[in-house]
């Protein structure tokens, strides 16, 4: 149970409301155009976590009435064949967005694969062109998890402008794009990573702490400022079957002013942000007569 003084940032509830809005929009579009958005999902191999995440995305598509095309490929598929499939999706007028589930097998160059996706269908927001637009504050597809985090903070009227933000994790998927979004919103941002000597130096002085590195209980209550906003992006599957984040939730929530639970925090916002990007891609393609 959460501490009485802390506010839980309920991503599941917000995502549910956004899904209802998306469903209504798609129904209206379908009635008017006899077309609907379609997300292509590529899964390579049989990684259990990847299969789980893909299934969650497919179920979300079904809930809002969005079509999908799932391609499950053998782990030993050649890079050339994967790139050829992406090229086919790029030119397929029935496909609104293309998503390649990460991570990919070691013999495949992930950067090359992500760069092969048409930027106008890059609903994961990982293409260098879209990342570049993010950095220069031009309209682009935002990576789903950072997009979901910002949407969640906005929903709870959490001020970012002028605040000190500590981001733990510098990945291309979460940490780097989230730092740019925070910077664009007027925050002073510190990004910590594996070579950071003393993470607590940054977290103890931060108004907002965001962490997503995949290490249970990395962030302790003693590392937080009283009343801090704590965004836990980590997802860790423990041997006892529990799913936890990167924050010691039970103790951290006694110090924090706002905190995301795991699960039901950032995860649902990531998926619904992907759906939003796919709808945006569809609408842009329709305006261009694609």
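Start at 1 and count along the chain as shown; that gives each residue its number.
Placement of Cβ uses the backbone N, Cα and C atoms for every residue, glycine included.
According to Swiss-Prot:
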type: BINDING; residues: 169, 170, 171, 194, 235; note: NADP(+) binding site
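Everything Swiss-Prot records as a feature, shown here on the structure.
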| residue | record | Cβ neighbours (10 Å) |
| --- | --- | --- |
| 169 | NADP(+) binding site | 24 |
| 170 | NADP(+) binding site | 17 |
| 171 | NADP(+) binding site | 16 |
| 194 | NADP(+) binding site | 7 |
| 235 | NADP(+) binding site | 20 |
* To do: For the NADP(+) site as recorded (169, 170, 171, 194, 235), determine the largest distance between any two Cα atoms, in Å, rounded to the nearest integer.
  => 18
